[in-house]
């Protein structure tokens, strides 16, 4: 098979591992920077070009689109989809998961456990917004933030008011969530592939930090999931419409709550913590489903 990996970083661990796994299984693979692509959108033969050349035919595409290039990257992915190329994760699922507020609303509609979340536009609504999520301490999140950037723990009501007023004054899009104190700075990353959770790790924040992201200095260890946690992770990924997802859960007093569904989960932390060959599992999943897609199109 001829496989395209949409990624700006050919030297990133996840991209390199996917290339290695694809080559090991006998595939031809090309890493494509979506920002260097341009598209011919027409009714007879849509195409994707780069540096003056048509990229030609691919059997499957694995999107590893960074959050900062979601709009253009998704447009390139849609063009692949229009051309009949099997996408391991589709453009619609990626767009849903990248919009933090929309993803919370979709999960809420499906009755999936969430932290109480508030969203408002006017500074005059701040007092009610704080009360809505149970008061301080609370968490303020920039909707465009990634890897723990733009996430603030407001430990007092006064601090919460100040942070919210500052963000609103900057016209930033923010949401407010209850603080799950009982999680003690730890979350669980569930790696979903198709209809299975193939790996899971517990991420613990470093001392004095509440964000458990590995990019923020958190540590990762193997964790055993409960049946409920496994079910919640699978339902969350399905709700987003994703075949590959990193579902982040917190263990709360009222069961697992979903913090985020990541459509481009990193492989380094999960592979090292679990000793599982996640990259190979992704390529095997892609082979199976791309072949189904080709047969159904014939």
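Just so it is clear, glycine is given a Cβ too, placed from its N, Cα and C backbone atoms.
The domain 'ATP-grasp' annotation in Swiss-Prot covers 104-287.
Annotated ATP binding site per Swiss-Prot: 141, 178, 179, 187, 211, 212, 213, in sequence order, evidence recorded as sequence analysis.
With a cut-off of 8 Å between CB atoms and residues at least 6 apart in sequence, the same chain places 100, 103, 247, 248 near residue 260 (Mg(2+) 1 binding site), listed in sequence order. Look at Swiss-Prot and you will find 248, 260 tagged as Mg(2+) 1 binding site.
What Swiss-Prot records for 248, 260 is Mn(2+) 1 binding site, and it gives sequence analysis as the kind of evidence.
Summarising the annotation, Swiss-Prot assigns Mg(2+) 2 binding site to 260, 262 and lists sequence analysis as the type of evidence. Taking all protein chains in view, 22 other C-beta atoms sit within 10 angstroms of the C-beta of residue 262 (Mg(2+) 2 binding site).
The Mn(2+) 2 binding site annotation in Swiss-Prot covers 260, 262 and rests on sequence analysis. Residue 262 (Mg(2+) 2 binding site) falls within a strand segment according to DSSP.
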Notebook entry, point to check: How many Å separate the Cα atoms of residue 262 (Mg(2+) 2 binding site) and residue 187 (ATP binding site)?
Noted result: 14
Notebook entry, point to check: Going by DSSP, is residue 179 (ATP binding site) part of a helix, a strand, or coil?
Noted result: coil
